[in-house]
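**Q** Can you read through this structure? Questions will come right after.
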Amino acid sequence: MRQRQRTWFHSCVRQLTFHKSTNLTFKSTAMASRFQAATLVDSPSYPNSIAWSDENLIAVASGHLVTILNPALPFGPRGLISIPKSEPYPIGVVKREDLASGCLLPTTLSREPRPSVRSVSWSNLGMAPNSGCLLAVCTTKGRVKLYRPPFCDFCAEWIEVLDITERLYDYFASINFEDPDSPPSEISNEPVTDHCCVDDPTDSVLVKERKRRRTNTSGVRNFGSETYCDQIPSGPGSSSESEGEGPSKSRCTKSEGGKSLHQMVPAIQIRGRPSKKIPEICSLPLITADQYASRSAMLSALVVAWSPLLKLSFEICGDPENNSSNCFSLLAVGSKTGKISLWRINAPQYYSIEQSVPPTTVELIGILKAHSSWVTTISWALLASESSSPQVLLATGSSDGSVRIWVGHSEEFMKSTEVNNAPFYPLKEIINMYAAPVSVLSLMSTPSLHKMVLAVGRTSGAFEVWMGDTSMKKFNKVGSYDAHDQVVTGLAWAFDGCSLYSCSQDNFVRSWSLHGSTLSEVPIPSSSPGMRSFSDIPDVFISCLGLVVSPSNLAVAMVRSFDVNQLDHMYEARLQKAAVEFFWIGGQQQKDILSNTSLEFDIEAFPGFTEKELVHWESNILWSLKQYEHCDKPLVIWDIVAALLAFKQSAPSFVDHVLVKWLSISFVDVHVETSIGKVLQHVCKRFGKAASRQLHLLNIICRRVVLSELKADEINSDLLNLGVDDANFTPLKLLNLWMELLSSSERELRERLVDFSISAYKSLASSSSTSEPGYWYPLGIAQMEQWVANNNHRVHKQVKAVATKIITYKRSRRRKVEEEKEQCSYCSASVPFDSPEFALCTGLESKGQKHKLSRCSVSMQVCPITTPLWQCKCCQRWVSNLAPESLFTMCQHYSLDFNSSPPSSTKVASKPLCPLCGILLQRSQPEFLLSPLPV
């Protein structure tokens, strides 16, 4: 008893001392404040428990669930993946006398009623049947499955599409688990049951209820008077005791749905309950305890990670087969044996929202022997290269403290036939016999050719930073930093490797800046635009188990667990186990992002912000918008729009200043020091030379920032001048200028689409080509001709010329176009063409009722009412026929040769993108179901 009291007293003294030092840390700078948060019903247990997708969805590995939420509506509808129980895999039977062997004790003694989620990873856009993202989930039972969004199922539960572990078991079973000495004919007569468990030695690192020497409830640590960047001493000093690791504990685990990863052992009664019915005779082979332990380790996955989306030309990869395309992604699955299984999963050949088709091209291309111990973390990066066959970098970390960097060529991934010869080659090996186990990695390629940065987080609380040149195979260690007191649970690069964010189980989040070969700590900005009140979320956090940077690098999201002992056990503790918090990082200084930033207005007009913070915000927003001019980057600018809307409430002139500078740089190539009105008038004249991606960005900014008070239908109606009261609709002259800018931008995009479609129609018609599912084909030519005639005084001369030529061509060929006369879907009355937005039928003479019909924003045809339609979440328009991919990659307005051969882009599957906004189209969902919002 005295010893317990003495231990408790010393623990209190350490906590008091720790809180005292924490106050000193924030003495020089105010603590960073979150701008929004959302609670979770269960708490994460492993590092890297949060991931942000290219669709603007966040997945959190929270206990036995995967919670999926929309950062634009954190309190709105959510998706979920519940991890079911499973049956054991039939890998063999062990004799009763061998159950007490050391290698089987973790299996026979562990207990856990339900498996938990260990690792989650999002794929890139284009891997799901609706062109969305797939989510890979790894559980504590070592099972890996892929899930898709329920876009056609209308439910909250995400849909399983593929069981990776099942396929891995089939492979190992076909080669007898790489054990040629195992006699397959020897059959066991031992009775078996489905009880099976797994041991996890790293759980001692992540046990949440252990006593902590230091606890931080404030969460985000800023740089202050106290320095935490000391170099880690090499030697035995970084032992498991100094890392805060307690004695190894076995986590109780239970199998999940399907087959299990572990051997079938004799029935053991749990909590007095009778065991299940035991079969009298087992047909499984009799194996030794060591064989069983080896086989179960082969099937025990610990971490999953998707590679970037890779695209090869058809000359390299050949014609697509089985409803697959020339785009693919690799899924890396790390196991307890130190090996990584690499799976090539092809993207669908075409996309649909009517039904879901599971991936048909899933191939195990190799098993990489990466480490001699457990693979605990994996990170990918696409290497900047001018080659048609891009290279990918793979970084792997292990529980033995080693880190390895590998490189692979995309072309070899398509030709790989030997599973034991993975198409990856080692670049760098980081081994330190005294190093603590690796808990997390963050790899990023920089804009410089063949350059990369790597951050390595360890269970000791320290992390390392490396810089490398893959072409020269030179890697330099920037330094080792004793940044945290407990396990590093998250590392994330931002701003092309200029900034690094780290979090730990000690509940601290720290910000770092990389200048050249020097890494230094910088404060997280304390000022936050659009502050909100979250009095209902208790501020009693105890640990941080992952962080991730937003797509535009202006915000960071982290998942933190509550100290349940400080919550109300009747209400709060039951439903609030953890929370996802969002912090702005747009006001942080970055290295040489944009040097020509200056302010031309009074700083006093913006209370709560220093001049430097506003300059940094301006620079970072302009940098983020500049990144989206690259067509390969998915157009997800939720954080940019949210930041501008937040500033618009308190500092509208700052928003005008930023937009003027962006318009000047993007459309005029020079920053024009003039009023916003003159800039808007000047920009309208430059649309013909602007890239389609720039016009898409402009349309989103106009709708979601400048005209955010107006509904999308009101904006669409005003753009057509359909009788909207101008006095009430646009009371300010500036809004009229923005409306005219939006109208001109959308008209330019429509002209490009009409020009391309009419030219391609003539070429395809002369070659007798027909429309194929998933491939773009020019439809609605008659409606496009009518649109050109209605806007004859506004469209370009080349568009008029192309429309005239197609009319002459159809007359000469006496072609009867079936879509020239449209009928109402409700009453079969004729539908004249008056607007590209919607149509009014003439109605039946007997009833005199007219129906309002939506038109496809691509073909301008009347949308069918019997099939699902694509919808744009920005402009709220409908699409029944997808646009050609060339529309989104045009650098400027150009006309095709009317007599040329069919353009190659017509032979490529169309992507479901809005022709006027450029964002991913979706199937409309009920308000009570989760739906991503890219803007």
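Backbone N, Cα and C atoms are what each Cβ position is placed from, and that goes for glycine too.
Note that the coordinates shown come from a computational prediction; the quantities given were computed from them, not determined experimentally.
The feature compositional bias 'Low complexity' is assigned by TrEMBL to 233-247. Under the heading domain 'Transcription factor IIIC 90kDa subunit N-terminal', TrEMBL lists 52-178, 294-519. Residues annotated as region 'Disordered' in TrEMBL: 180-259. The repeat 'WD' annotation in TrEMBL covers 368-406, 481-522.
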**Q** Can you check how the pLDDT averages out over the repeat 'WD' (368-406)?
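**A** Across the residues of the repeat 'WD' (368-406) the model's pLDDT averages 89 on the 0 to 100 scale.
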**Q** Would you mind splitting the repeat 'WD' (481-522) into helix, strand and coil residue counts from DSSP?
**A** 0 helix, 26 strand, 16 coil
**Q** For the domain 'Transcription factor IIIC 90kDa subunit N-terminal' (52-178), how many residues does DSSP put in helix, in strand and in coil?
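**A** Result for the domain 'Transcription factor IIIC 90kDa subunit N-terminal' (52-178), in helix, strand, coil order: 22 helix, 40 strand, 65 coil.
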**Q** By DSSP, what is the split of the repeat 'WD' (368-406) into helix, strand and coil residues?
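**A** Residue counts for the repeat 'WD' (368-406) by secondary structure: 0 helix, 22 strand, 17 coil.
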